[in-house]
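If you look up TrEMBL, you'll see A:Cys378, A:Cys381, A:Cys384, A:Cys427 marked as [4Fe-4S] cluster 1 binding site. As annotated by TrEMBL, coiled coil applies to A:454-483, A:856-956. Feature annotation from TrEMBL assigns compositional bias 'Low complexity' to A:628-643, A:793-803. Residues or ranges marked as compositional bias 'Basic and acidic residues' by TrEMBL: A:684-700, A:752-776. Feature annotation from TrEMBL assigns domain '4Fe-4S ferredoxin-type' to A:368-398, A:408-437. The annotation region 'Disordered' is assigned in TrEMBL to A:553-572, A:624-644, A:684-716, A:740-814.
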Amino acid sequence: MIRTLFSSRSRKVYDFHGGIHPPERKALSNGTAIVPGPMPAQLILPLNMHIGAPAKPLVEPGERVLKGQMIAEPSGAVSAAIHAPTSGTVSAIGPRAIQHPSGMDAICIVIDTDGKDEWIEHAGVADYTERSPGELVDTIRHSGIAGMGGAGFPTSIKVNLGDHQRVEELVINAVECEPYITADDRLMRERADEIIAGINILQYLLNPRRTLIGIEDNKPEAISIIKRACKGCDIDVRVVPTKYPSGGEKQLIQLLTGKEVKSGQLPAQVGVVCQNVGTAYAIKRAVIDGEPLLSRVTTLTGEGVSQPGNMEVLLGTPVRDLLLHGGVDPDNIGRLVMGGPMMGFTLHNPAVPVVKTTNCIIAATLEELPEPPPEQPCIRCGSCADVCPANLLPQQLYWHAKNDDLEKAQHHNLMDCIECGACAYVCPSHIPLVQYYRYAKAEVRQQAAEQVKADKARQRFEARQARIEAEKAEKEARRQARLEANRKKKVETSAPSVDTVALKQASLEASKAYKAAVKAAKAAEAEGAANINELKAEVDRLKAEADKAKAAVRDAKDAGPAAAPTEDRVGNLKKQVGEASTAYKAAVKAAKAAEENGDDNAADLRAKADELKASADKLKAELRDAKASAPATTAAAPQADPMADLKKQVGDASSAYKAAVKAAKEAEENGADNAAELRSQADELKAKADQLKADLRDAKANAPATPTPAPAAAPADPLAELKKKVGEVSSAYKAAVKAAKEADENGADNAAELRAEADRLKAEADHWKAELREAKASAPAPATPKTPPAPTDTPKAPETEAPQALKAVDPEVAAKRQKRLKALKTAYNMAHKQYKEAHAALERGERNGDIPAEELNAMERKVDKLKGKADVARDALDALVEEAKADIRAHTGKDLKTLKLEAARAESALADKQRELEQQRDNASEVNLEALSSELQALEAEAQIARMALKQAVEEQGLQD
Amino acid sequence: MALISSTSPHTTVSNNTGAFMRQVIYATLPGLAVLTWQFGWGTVINVLWAVVVALVSEALILKARGRPVAFYLKDYSAVLTAVLLALALPPTSPWWLTLIGVGFAIIVAKQLYGGLGMNPFNPAMVGYVLLLISFPVAMTQWIAPGEAPSLAQSWQLFTGQLPVDGLSGATPLDTFRTWAGNDSELASHGILDGQFAGLGWEWVNLAFLLGGLYLISRKIITWHIPAGFLGGLALPALIAWLINPVRFSDPVFQIFSGGAMLGAFFIATDPVSAATSRSGRLIYAALIGVLIWVIRSFGGYPDAVAFSVLLLNLCAPFIDYYTQPRTYGHNKANRGTNSAKQGGGS
């Protein structure tokens, strides 16, 4: 042994702190071969024989099962399957006493055995290297293998570490350091080849750099047999000195590799995987023989047993049957221990079944394991500290645990205690130290859990407050916006001045809500709140809301000046252009800075800058338009001479046309979006100019015929001029008719002549009337100074644009979008409804407090999920609506709001005009009436067009709601 | 038969605290024997009387505290306290001195603090210091080595029938302290000139050393406290002696004089009032040693084991906070208290 220990540096066995040498008592049971265990009448298979989630039963009571049939499947990542250890009938699935120190009941599958031991069809894999590691892991998982050393951690997880984790050492734990137990010892002596085959499978799965088997030097037979079996394998057998607890995972790793597993970490994190030798055997049976884990080798020992030894026991065998089989006199035993004497637990009910982790049953006499002596005061002798393998100060831990000073106990690394019992073993005062540590650890865990619960409750409360506040703010913002829209509508018809104030207010409130939500989210994030995503979504939503409100304010601002006089508009536009380009420049600068800093939002900023540029360009183009059209409208005012006036108009119109053509060309060259628009505008201007030219021609032609009245007046406006002319001509006609009548009556001879003159005058009057109508029709809006809001004096005449643009909408796309919109709306409504219901249920639950915490948490999660769903649906819906709006904008050059506004304006202008007509009907002159009615007609047409445009746009995009 | 239900581990050492204490008591026997050989039966009488006083006062106070008397008497802690205190008392001390000292040690220094395991100060040393301060004359009268009184004389001393003056003489520590720096006077005092240290006392200390080594071999104590204690005492003594051998005594004389070995192996090792981690114990004991040398060399008392132990008892919890071992899986050991708000309590 000494040679083994020191033969070479690489074979060095390290040491760990502390440790004890309790009487081994292994000779009681290690002298005889493993024998088959009893076949009990009933097998009791707990659903949680392993660490992790209990398995899920696959069978029903009354169902016949065959040996090896899976009767419960793993229910989660950390779980293991359970198989019928023999054939029989499932007689019950219900609570039975299980392997737990408290003797508690848990759900078990009870099988009444039939003694036939009838196998289900099964087959192994002759050459496992033909299978992928994944398949083998699956086989192991479905064979129900869990750590056989005592912990019962599902093996499939430990052998499936993923590619990122390099396994340096595979450590096979064959130490079996607890007194009494000899199961692994016998297994190694009798089934070494199968163990090595299992280790080979583990090597194949984990591909470790080294494989080390650690065996205590008190098992010389097992050592020599395993060494023989390992010949030619890449397996290193290391003999470790007998010392408890060298079989502890962390201690063995330290012994064989010198590595320490960091506190709170797993061995895999230092590149080590540790497997029990019994587990390796089970893996071999599962993979090569196709036999799931049905039995295990269990040591039945103690002085109360007449024939101590090792048995291959079917899982689920009640301890009582085992004791009977081993010849135990129930009256002769004082203590029944499942597991070893150091870490096992006492059974008070021998009906408890043997499970995957049951390596030993000790039926001890009272003399052998007597009642623990009464606890004496701790004298801080320090024996415990000397033996602690974790190098703790157990005496201090005890002191703090006893005083419930958990903080100090944790400061002394209470949670690093492995509960090996070495301290309690050596304590001269017989203080059950491990019990104190278990208690303190449970307290710490409970406190932590309660802290988490309290934190969660607080977060839930805060989130709820934030949500309620945000909803309130949102509601308020919406209300304000609605109010504003109503007021704006009213204002549109009277005086467009105050609407922005309220909108600003709404925007302010929205951004306030947004900021509050941001703050709440940050606070929640700082505390690591679970519902942070929900809060973030809320924040995003509020931000969108705030942005919307801001946009509304901007729109209002844009729309405001549009209603103002033209010169104001030009000035305004200039200002806006200036503002827009400043904003654009600032945005470019910010984007550049962000790019230099490598900020995440650089792309965002860049996109924003582009957007701003586009809007600046648009504004510039608009300004150009406005400038181009402004002279056409303003210059039309004071004219001395209708001819000169017309001439000037023609000149202005054609220059405007030329300017428009130029702008359009420029736009086309730059590839601007509004090129088509400009082009159509240019066309329009050209038509206007042509018409004016024709008018001028007419006027020239008519001028000699009516020489007198023309120069007399100095009308302010061509229409008034025309009107006046009409009035003059018609009064001349009337006078002529009167004169002709008089002449007729008087029998004057010039009567016929006069009548001819009257006829000519009537024709002339008719002509001028037509002229007037036409003039009104062609330039009705700019020429009507009587309607103060003059909504139609925007440079772009809507009647020419909207219908034209609407033609461009692709009906197929629109239809598709309409469909999607509808579907999304339904989805959103459903999600929102579900969310509301779940939320109400949660609040009810919270209020009543009659629902367990886990359920509440589940409900909360559900609410979060539903809210997320609803948010997603709403976001998608919003996005689609935005898209549709953008489409309308692209197609009509206006967004939906503008269209709506225009329609409303047209309607109200129409209504005003109608009222005016009604009022003037009685006392106005015929001419006035006629002018008014023609105006009314024009307005009606305009309103009709605006209505149609709006309707069409809305219908196209399916935005009725 | 009802099965025992208990938590793991299900087996423990057959040892118990009483056995622990008894081992310590046994280990004092060589020292007691030498003391008797050198100074007569006074110490034996003192020890027996002290044990009686301790058991009675322990029983009374346990009864008053409502604790099971027999159970606690069996832990032998009161007996050990009595033995250690009696070993430290002069063999000339009368019965009432022992009574006061032991009674105070058990009732006040131990039980009023909560009994075994709860006392912050070493009870024997508390009793000793009480006596030293209250009855300085009686506490500093030792018999000259080699002039051991008879059993009858010792009994008379114990009962107070015989005045001490005729028998008493200065101890080597006392003598050196009186004549330190005076070479000729030091040379003229034979008591300083034993086989390797002070006359008579060298054997007493050697006997306690043997007893102490027995305790270490039985793993009742670890080497840390005696080694720290003796090292802390010898090292400054060595340095000072090398500098001025007339003014300072040599280190061997230091560790084989007075209560050095008794203190190193039996007093300072009291686990209840000592520091608890290994490195903590080294520090704790070394500081006791240094303090003893300082008080012996510059203080007003010829010996200083009791004062030094009590002063370091005060420091033990503090030392414990800063000497936690590095726990498995941790990069470094925790140091100090875990939080400021908890600094005071424990």
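Cβ from N, Cα, C; glycine included.
This view paints the features noted in TrEMBL onto the structure.
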residue: A:Cys378; record: [4Fe-4S] cluster 1 binding site; Cβ within 10 Å: 24
residue: A:Cys381; record: [4Fe-4S] cluster 1 binding site; Cβ within 10 Å: 26
residue: A:Cys384; record: [4Fe-4S] cluster 1 binding site; Cβ within 10 Å: 28
residue: A:Cys427; record: [4Fe-4S] cluster 1 binding site; Cβ within 10 Å: 28
Residue numbers, six or more beyond the limits of the domain '4Fe-4S ferredoxin-type' (A:368-398), whose CB comes under 8 Å of its CB atoms: 16-20, 245, 248, 250-251, 302-304, 334-335, 337, 341, 362, 408-409, 412-414, 416-418, 420, 422-433, 436-437, 440
Shell of the [4Fe-4S] cluster 1 site beyond A:Cys378, A:Cys381, A:Cys384, A:Cys427, same chain only (C-beta within 8 angstroms of their C-beta centre): A:Ile379, A:Arg380, A:Gly382, A:Ser383, A:Pro394, A:Gln395, A:Tyr398, A:Cys423, A:Val426, A:Pro428, A:Ser429, A:Ile431, A:Leu433
Near chain B at Cβ under 8 Å, of the listed binding-site residues A:Cys378, A:Cys381, A:Cys384, A:Cys427, we get A:Cys378, A:Cys381, A:Cys427
Counts of helix, strand and coil residues, the domain '4Fe-4S ferredoxin-type' (A:408-437), according to DSSP: 17 helix, 0 strand, 13 coil
In three-state DSSP terms, A:Cys378 ([4Fe-4S] cluster 1 binding site) is classed as coil
